[in-house]
Amino acid sequence: MSDQPPYPDQPPHPDQPPHPAPHPGQAPYPGQAPYPGQAPYPGQVLYPGQPPYGWYQPAGYGLNPADPLVTPPGTGLGGWFARCVGAASRSWRLLLPILVLTQVLPLAMLSVLTLAVDPSARWDAEIASDSTLPATFWTDLSVLLLVVVGGSLIFGLVQCLGWAAGTWVIARQAVGEPASFGAALRYGLRRALGLWGWMLIFTLIVAIGFCLCFLPGIYAGFALAMAGPVYLFERQDPIGRSHRMLRARLGLLLGRVALVAAAAIGVSLVAGVIESVAIMPFGSTPLTSAGTAVGVVLTISVAALLALPAHLAQLVGLVVTYAEQRAHEGPVNAGQLAAELG
């Protein structure tokens, strides 16, 4: 016997049972009036403009194409590069003194200290007359390693202060918020120790990777490239988040980081070559006399200053790349990123 309901105003057949009532909570079909007495789903509330169930927002939805910091998906390399240039042109007046104080000066000081304790010239002279190792070889080597490793750790903390301060300046000025040199350094001081601790872990991972046939170190460097910005903006799981970004958008992130690394390494290599050539006229022991000491210190300082564009490219490039990665994960803008820094 059919369960088909009767037509409107048609009396049912004497033997036909009545049409069964709807299941509790059953929604009507599209365009169908609700059943008498039917209630909505418990707790169901439809907000104005709410998308239907199962509908997903397309990539780039809710993003401002003119955002000064965030590159929307689909904009391409040109959009990313334009935001890098825009960030540098907006913030260079504050970024340059911050980078000189926290990047250039520490590296110059470390170079001078390393040169002061470098025993290679004395070793060469002693080995030329006697083929055995110098009597003070292990002591000299220990002092050299102590200065290089200890100085790198101390100056690394100062560099982290500068990275945090520079990131704060870039994000604040992207939305037109006031930013000053002192306020940037105060923010950098608050974040420097935590960032420094994570950077030690990152450096150790990359170093172990390079010891394992070199290629794992390169992969680790790319996989952890976003770890610093992740810590500053999100302050949780920088290693895992950075690695997931690389796996989710391998080609995009790999290309951006490779461009930043090429610019930073290229400028640094040029500055290093200039420094090596410029200090050669001062001899193998330039710090033994006042005249040559002043000359070599000035030369090292100028060469370190020539590497300033490398530090600027690294800072700006990584911050803009992180903002682009966030845009691929969901709607975000420069104002939200600036607020996340705290």
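A Cβ is built for glycine as well, from the same backbone N, Cα and C atoms used for every other residue.
Keep in mind that TrEMBL annotations are predicted by a computer and have not been checked by a curator.
Feature annotations, courtesy of TrEMBL:
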- 1-35: region 'Disordered' (REGION)
- 94-117: transmembrane segment (TRANSMEM)
- 143-171: transmembrane segment (TRANSMEM)
- 192-210: transmembrane segment (TRANSMEM)
- 216-233: transmembrane segment (TRANSMEM)
- 253-274: transmembrane segment (TRANSMEM)
- 286-308: transmembrane segment (TRANSMEM)
Contact check, the transmembrane segment (216-233) vs the transmembrane segment (143-171), 3+ Cβ pairs under 8 Å, seq sep 6+: yes
Stretch in 94-117, 192-210, 286-308 most in contact with the transmembrane segment (143-171), if contact is a CB pair under 8 A: 94-117
Cβ contacts under 8 Å made by the transmembrane segment (94-117) with residues that lie 6+ beyond its boundaries: 88, 140, 143-144, 147-148, 151-152, 155, 158-159, 161-163, 165-166, 169-170, 173, 179-181, 184-185, 188, 275, 286-287, 296-297, 300-301, 304-305, 307-308, 311-312, 315-316
Beyond the flanks of the transmembrane segment (286-308) by at least 6 residues, Cβ under 8 Å: 96, 99-100, 103-105, 107-108, 111-112, 115-116, 267-268, 270-272, 274-275, 278-279
